[in-house]
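Worksheet for the structure shown next.
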Amino acid sequence: MPRPVSVVFVSLIIAAAVGVWGVFAWNGGFEELDAIVNRHPSTGIPGLNHFPSLDQGLMSMAAFNLPVVGREPLFAEGRHFMAQLLANVFAIPIVLLTEDFRAAPGSVARYSTSWGVFSQLATSAVMCPLYGVCFSRRSNPRRVAVLPGRSTWIVLISVLIGYGAPAMLIFDPFSWGLKPQIWGVLAFTVYPLYVCLTASLLLKTVSSKRGRASRSVQKDSDSNSSLHYVVAGIVGVAGHLSYIGFHLGEHTGTAATRPDRVAQLVLRFLQIDYVITFAAMLTLAWHELTHSGRISLKPWRVAGYLLLGWLFIGPGATLAAAWALRERWIRQDTQEEKKRKL
């Protein structure tokens with residue numbers, strides 16, 4: 001008999017297929033995107049004119065985000081929503097890469113890059129529930145390994161560079177024009193590869209210096225074990241509160257211009273994707289917290305606190321806080337196990 005949490009994850013996968021992709025296709029979203037590609041058939045990337053099919057395929061990928069984040073015409077609601085979405089999603093690659101680092105060989109958590117690429121191709125609303133199904137089936141909070149060495153810093157720097165930098169570029173922050181913005185959107189599409197590459201380079205650098213810093217590694221790891229979650233929480237709260245502030249200011253300002261139909265369709269797509277994504281990740285957080293054996297609250301109360309966290313500090317910060325608490329318990333369990341062996 002399937003476990004209740006697995007039923008929730010499978011239901012979210014179905015909801016993602018129907019509510020995200022199904023609604024978008026039903027409303028003619030793909031036809032609208034084809035019209036954008038017909039107006040801008042090329043990405044403008046040097047050399048790709050010799051490969052028109054590849055060029056047009058990449059342009060189709062970029063065309064999805066352009067109606068929301070583009071400057072001409074400027075869609076303020078879309079840009080603000082995308083900004084807070086990316087700020088909250090910052091916590092997800094933090095979690096994926098952290099679990100990748102500590103997972104046992106053969107565990108599905110070891111393939112964070114593959115999960116990230118799948119998320120970019122199929123949307124995070126499909127990936128996150130599927131990840132939750134696989135992760136929760138094998139997860140045992142009392143047998144999870146502590147992050148080795150300076151992995152906290154490696155995770156944080158890798159996500160800041162690999163995810164944060166491309167995420168900024170999609171908004172054309174320097175007003176370079178349409179072509180550079182298209183390149184920025186495409187760069188963000190493959191951000192999991194940048195995260196993986198940065199992490200690999202940092203791991204090699206740390207490994208080469210491990211012999212000289214063997215004594216300080218454990219102390220450094222203990223004192224900064226939740227630093228990456230703290231940063232993810234700050235980023236998520238900032239995005240959440242800025243979006244609330246934007247809406248409060250919108251009611252006191254002038255009426256906003258009505259966006260194009262395609263921009264409305266993409267925004268609706270992203271909103272549904274956003275809700276399902278964090279419903280899945282917070283369900284996974286709920287599972288990890290309630291199965292740790294350390295929490296005295298009833299499961300429904302834990303779910304209530306997670307929901308309140310979503311409303312008041314944002315889902316990204318709530319996810320980061322839940323995972324930081326889990327990290328603390330893992331470290332305490334490890335220390336208690338060491339004391340018993342002495």
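Start at 1 and count along the chain as shown; that gives each residue its number.
For all residues, glycine too, the Cβ spot is worked out from N, Cα and C.
Listed features, source Swiss-Prot:
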TRANSMEM  5-25  transmembrane segment
TRANSMEM  81-101  transmembrane segment
TRANSMEM  115-135  transmembrane segment
TRANSMEM  151-171  transmembrane segment
TRANSMEM  182-202  transmembrane segment
CARBOHYD  Asn224  N-linked glycosylation site
TRANSMEM  229-249  transmembrane segment
TRANSMEM  269-289  transmembrane segment
TRANSMEM  305-325  transmembrane segment
Stretch among 81-101, 115-135, 182-202, 269-289, 305-325 sharing the most Cβ pairs under 8 Å with the transmembrane segment (5-25):
115-135
Can you work out whether the transmembrane segment (182-202) touches the transmembrane segment (229-249), with the criterion being 3+ CB pairs under 8 Å where the paired residues are 6 or more apart along the chain?
no
For the transmembrane segment (269-289), I need the partner stretch with the highest count of C-beta pairs below 8 angstroms, choosing only from 81-101, 151-171, 229-249.
81-101
Between the transmembrane segment (81-101) and the transmembrane segment (305-325), are there three or more CB pairs that fall under 8 A, provided the residues in each pair are separated by 6 or more in sequence?
yes
